[in-house]
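In what follows, a single structure is set out as structure tokens and then discussed.
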Amino acid sequence: MKTLSDLLAEGVAGRRVLVRADLNVPLDGDKITDDGRVRASVPTIKALADAGARVIVTAHLGRPKGEPDPKFSLAPAAARLGELLGTEVPLASDLVGPSATSVVGALTDGGVVMLENVRFDARETSKVDAERAELADELASFADAFVSDGFGVVHRKQASVYDVAQKLPAYVGGLVEAELGVLKKLTDDLERPYVVALGGSKVSDKLGVIANLLSKVDRLLIGGGMAYTFLKAQGHEVGTSLLQEDQLDQVKGFLAEAEKRGVELVLPVDVLVTAEFGNVEHDVVAISDIPADKMGLDIGPKSRELFASKLADAKTVFWNGPMGVFEIETYAGGTRAVAEALVKSEAFTVVGGGDSAAAVRALGLPEDGFSHISTGGGASLEYLEGKELPGISVLES
Ligand SMILES: Nc1ncnc2c1ncn2[C@@H]1O[C@H](COP(=O)(O)OP(=O)(O)O)[C@@H](O)[C@H]1O
Ligand SMILES: O=C(OP(=O)(O)O)[C@H](O)COP(=O)(O)O
């Protein structure tokens with residue numbers, strides 16, 4: 001792979017460089033609640049700008065439906081990036097239309113601009129190669145080189161991650177390089193017991209990784225929104241909790257496979273349930289007593305103790321996905337318990353994912369209490385399960 005250093009060594013003054021960043025930050029209205037991904041994107045962008053490049057940043061925010069939606073505007077991210085760089089970062093109001101053309105045209109050496117949310121264009125995430133290639137051509141027409149620095153999206157075969165790298169001289173960015181360097185330690189010569197803790201809400205995406213993880217880990221802890229498909233597969237009522245009904249059979253297979261392989265699969269034994277998402281009134285119930293009209297929004301006190309005890313003797317830990325809806329204090333206890341267990345641990349500990357990293361910071365835990373805080377959840381998991389990451393393999397080819 002050609003690296004950012006190679007590009008800088010070639011000389012970038014006056015060249016237009018398209019940088020794919022992951023600026024998918026959590027928002028409360030238009031306020032960024034955790035700017036970790038913006039901060040993580042700064043070094044690569046700054047290095048290019050300082051070397052006189054004309055930097056064009058492209059990124060996504062959330063999962064809009066392939067058309068403009070003001071709720072998912074990158075305006076807060078552009079403003080924050082500008083603050084961190086100490087220079088204004090103009091945001092085009094479109095991706096490859098007249099506004100983008102004019103904003104890019106006005107770029108001067110050392111300047112940085114941003115294109116509006118790349119997922120406002122349905123071609124970005126299209127399964128049709130030709131559609132993605134067409135958008136990639138349009139993005140590439142703005143630039144002379146491409147730097148792939150959005151680690152959180154390198155597992156996505158999307159136009160701004162994969163296809164555009166085939167249209168321009170492409171380089172791996174500093175953030176992606178650094179992230180891969182740390183994750184490699186979790187695949188080469190790792191110390192055991194190796195424990196992976198999974199939670200969060202991207203259940204259908206992340207259930208898939210478990211099949212391969214079962215051959216690598218000694219223990220798998222499942223909490224957050226991930227737990228309920230497992231509990232249901234074991235025959236429990238899960239009420240209105242997050243459930244991936246269509247993957248129940250697959251999950252039953254995981255339960256059997258874990259047993260066969262001697263992998264300890266640890267599920268919650270109690271949960272906090274409530275009638276409506278966001279309600280703070282709740283009950284603590286055993287997993288055999290989840291009412292049909294309630295949903296589980298956090299793991300309960302006994303589960304917190306159990307999970308902490310299962311992390312205590314680990315020598316290597318990877319954690320992705322909050323154990324509950326930590327954004328609401330009432331449901332933050334499970335995530336806090338797991339995070340605190342990792343801070344206490346002597347193990348090599350990696351936490352990955354936009355929300356998991358945000359949770360660590362929101363709960364006031366010391367960032368240096370972890371060996372590494374990764375900007376990518378799904379991307380890290382797919383790397384750890386040994387899957388080829390399209391955004392990386394395209395840079396190698
Ligand atoms: N039991 C649950 N029910 C619904 N949502 C949950 C539950 N537990 C955690 N979550 C939510 O999961 C989200 C994060 O999931 P995800 O995106 O998979 O994590 P990450 O960004 O760290 O990879 C958080 O917004 C959190 O509120
Ligand atoms: O937030 C992200 O991933 P993560 O929640 O797995 O860390 C990335 O920005 C990728 O977003 P996507 O899962 O909508 O493709």
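Cβ atoms here come from the backbone N, Cα and C positions, even for glycine.
TrEMBL labels come from automatic prediction, so no person has curated them.
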Query = Out of R156, R192, R219, R261, which is the one TrEMBL records at the substrate site of D22, L23, N24, R37, H60, L61, G62, R63, R119?
reply = R156
Ask   = According to TrEMBL, G296, E327, G353, G354, D355, S356 bind ATP; which one of K167, K184, K185, K206 is listed for that same site?
value = K206
Task = Compute all pairwise C-alpha distances among D22, L23, N24, R37, H60, L61, G62, R63, R119, R156, the residues listed as binding substrate, and give the largest one in whole angstrom.
result = 18
Recorded ATP site residues K206, G296, E327, G353, G354, D355, S356, farthest C-alpha pair in Å = 22
Message = List, in residue order, those binding-site residues out of H60, G62, G353, G354, D355, S356 with a Cβ under 6 Å from any atom belonging to ligand 1.
response = G353, G354, D355, S356
Ask   = For the binding-site residues D22, G62, G296, G354, which residues place their CB under 6 A from an atom of ligand 2?
value = D22, G354
